[in-house]
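Quick look at what Swiss-Prot lists:
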BINDING   8, 10, 74, 194  Zn(2+) 1 binding site
BINDING   16, 41, 196  Zn(2+) 2 binding site
BINDING   74, 102, 132  Zn(2+) 3 binding site
């Protein structure tokens, strides 16, 4: 399986990552990617930038080192209402919004509370994809959430870092369940390295292996094609990006 988009990456702006966006873009080029989503942590994460950082991504060139740049964020799901930690004014500046649970921001609670938070963040319409759902600290009703994601065209991320066992330990078994059920329900999937250093860009081997294990069709894996990824953004109501006309 060929992956041409890395949908989850971090720069030094996140506070605990180690590469610049230029270093990430060069790594993406060298590894054969066509599109790179830059998705730094949103403000409530310790060490993360002010929301102006995300609004000001409009100054970024659409291509760096010949790789198309998608302006994004890894937002924090804040509460059971499904609120995220960016003002509404930021939405117009962002191509790709991940929503994730992080322990310093949303203290692990009950399965019912996690489920409510995920359903409400989906229904908010502000989020394109749910990040690293396999974290065992945040159990949720998988069927209810995945069916809600499908009906609202919100993608489910397969996070390679979660599968390595180095972060969010114990995620692998839950990721397996999520992919199996997601395939049955017919959700869209994305693949993210969750790179915090440029050498991790496009490191997606475990995510690919898991998707192939369950026979997920390529047309449900957004990151296998620039056209598929960008058409999904149109489906989500995002404006067409004219600089990427050749990728549609």
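Glycine is no exception: its Cβ is also placed from the backbone N, Cα and C atoms.
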Next on the checklist: Need this for a regression test: binding-site residues 16, 41, 194, 196, filtered to those with Cα within 10 Å of residue 132 (Zn(2+) 3 binding site). What's left?
Outcome noted: 194
Checklist entry - Other than 74, 102, 132, which residues of the chain come within 8 Å of the Zn(2+) 3 site, judged by Cβ distance to the Cβ centroid of those residues? => result 41, 76, 98, 100, 101, 131, 194
Checklist entry - Around the Zn(2+) 2 site (16, 41, 196), what further same-chain residues have their C-beta within 8 angstroms of the site's C-beta centre? => result 10, 14, 15, 17, 40, 45, 47, 48
Checklist entry - Checking the binding-site residues 10, 74, 102, which are within 10 Å of residue 196 (Zn(2+) 2 binding site) at the Cα level? => result 10
Checklist entry - C-alpha of residue 8 (Zn(2+) 1 binding site) to C-alpha of residue 16 (Zn(2+) 2 binding site): distance in Å? => result 15
Checklist entry - Can you tell me how far the Cα of residue 41 (Zn(2+) 2 binding site) sits from the Cα of residue 102 (Zn(2+) 3 binding site), in Å? => result 10
